[in-house]
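Participant: Can you keep this structure in mind? I'll have questions shortly.
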Amino acid sequence: MNPEYDYLFKLLLIGDSGVGKSCLLLRFADDTYTESYISTIGVDFKIRTIELDGKTIKLQIWDTAGQERFRTVTSSYYRGAHGIIVVYDVTDQESYANVKQWLQEIDRYASENVNKLLVGNKSDLTTKKVVDNTTAKEFADSLGVPFLETSAKNATNVEQAFMTMAAEIKKRMGPGAASGGERPNLKIDSTPVKSASGGCC
């Protein structure tokens with residue numbers, strides 16, 4: 001068993017371009033935020049280790065490009081993901097409407113029992129909000145998927161989103177699931193593709 005951690009979970013952030021995926025990752029992994037927006041090119045990732053129920057869990061979080069032209073690059077990262085976080089922008093109705101399309105991508109490329117989490121980001125922009133919390137919650141409930149509204153800018157629910165995902169995966173793995181080093185299905189077999197760092201908006 002690897003002494004550094006008990007579990008290694010690979011998470012994937014997906015959603016339309018500009019919804020704040022990179023911002024959520026920066027806030028969770030580095031506790032930083034930037035107003036500038038630089039589009040993620042292809043795929044980027046960060047690692048953060050957390051403690052959950054007395055276990056050390058290493059989270060490898062992959063941030064994907066939302067643009068159509070990168071879909072072929074990013075689709076390969078669905079395989080082997082333990083959890084996928086679908087992000088939309090609460091001030092952008094189209095990004096919410098496209099959640100269904102992203103869920104289809106998960107069905108097409110990810111493993112059958114992958115954990116999912118729906119996140120409505122930019123909750124701090126209350127006056128510009130167009131996607132109703134209740135509507136999104138009901139949609140998530142109909143899929144049996146946890147739902148949270150977050151703000152990468154003021155750190156609202158960001159920690160909770162990733163911790164919820166880690167807890168759901170750990171629950172699915174069950175007490176018999178071994179460490180990242182022992183079980184092949186917990187090993188990360190993707191070759192890291194380092195990209196230009198994604199900015200935020």
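Using N, Cα and C of the backbone, Cβ positions are placed for all residues, glycine too.
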Participant: Could you tell me which of the ranges 65-80, 113-128, 145-160 is annotated in Swiss-Prot as motif 'Switch 2'?
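Facilitator: Going through 65-80, 113-128, 145-160 one by one, Swiss-Prot gives motif 'Switch 2' for 65-80.
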Participant: If you count Cβ atoms within 10 Å of the Cβ of S22 (Mg(2+) binding site), leaving out that atom itself, what do you get?
Facilitator: 27
Participant: Using CB atoms and a 10 A radius, I'd like the single residue among the binding-site residues E35, D63 with the highest neighbour count.
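Facilitator: By the 10 Å Cβ neighbour count, D63 comes out on top.
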Participant: Rounded to a whole number, how many Å is the Cα of K122 (GTP binding site) away from the Cα of S22 (Mg(2+) binding site)?
Facilitator: 12
